[in-house]
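TrEMBL annotations:
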| type | residues | note |
| --- | --- | --- |
| TRANSMEM | 12-29 | transmembrane segment |
| TRANSMEM | 41-61 | transmembrane segment |
| TRANSMEM | 73-91 | transmembrane segment |
| TRANSMEM | 96-114 | transmembrane segment |
| TRANSMEM | 126-148 | transmembrane segment |
| TRANSMEM | 160-181 | transmembrane segment |
| TRANSMEM | 201-219 | transmembrane segment |
Amino acid sequence: MLAAFQLYGLDHLGTLFFLTGVTWLLIRLCRKSPPRPGAKLGISLLAFLCFASYPINQAAVASIGVSRDLGQLLPLHLCDITAFICGFALVTRRPLLCELAYFWGLAGTLQGVLTPDLSHEFPNPAYISFFLQHGAIVITAILLPLGLGWSPRKHAARNTYLWLLAYAAAIYPINLLLHTNFGFVIAKPSGASLLDVLGDWPWYILWTLLIASGIFYLLELPFKLRRHQGGHN
């Protein structure tokens, strides 16, 4: 029998170190001039994992024989949508897609990597598929600016935050209709998470959105400072 998931246990810490190493390696490959041959392969594999994460998740859940409801069958969690966005961002480099990948990936999905909603340790298929998806998103969000030289446009934090509000507003009635909990706007995750310290519903949602606005601002700040310095040179 597989052990229950332990937050910051050996498996979790090992996974975090592995994801950090992969991120560092991809950044190194992409920043070489000219880029190393492995850079294009690594980006292609990363995009593939972003696109394939949903079917991989479905296969993982099916393999462990867990009964599935619409909340597990439909790819409507914020991280499901962000994974698709990250894949298209890597392939097309469209400004809005890259901005959503960066801000949503680091302000949202990173929290899932640090405090995952999991029941079992590695090598449970659900554990593997969870970190494949969430890891691919976070790696993409970091790789875009640090490895691929991408920068967000002016007011990107505000615009992507408005898209986040639009998601929350749209997913809430969908949850009521389908009896699901996409985006955790109906209830908190069953496992330990940062939401546990933010109070009961609906206060944790309001606090989450408020904290997210601050994180979005901080994520944009280095680029604003660089633009400001560039304007004075």
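Even glycines carry a Cβ here, placed using N, Cα and C.
Nobody curates TrEMBL annotations by hand; they come from automatic prediction.
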Counting Cβ pairs under 8 Å that sit 6 or more residues apart, are there three or more between the transmembrane segment (126-148) and the transmembrane segment (41-61)?
yes
So what's near the transmembrane segment (12-29) in sequence-distant terms, Cβ-Cβ under 8 Å and 6+ beyond its ends?
5-6, 35-36, 38-39, 42-43, 46, 113-114, 116, 122, 131, 135, 138-139, 142-143, 146-147
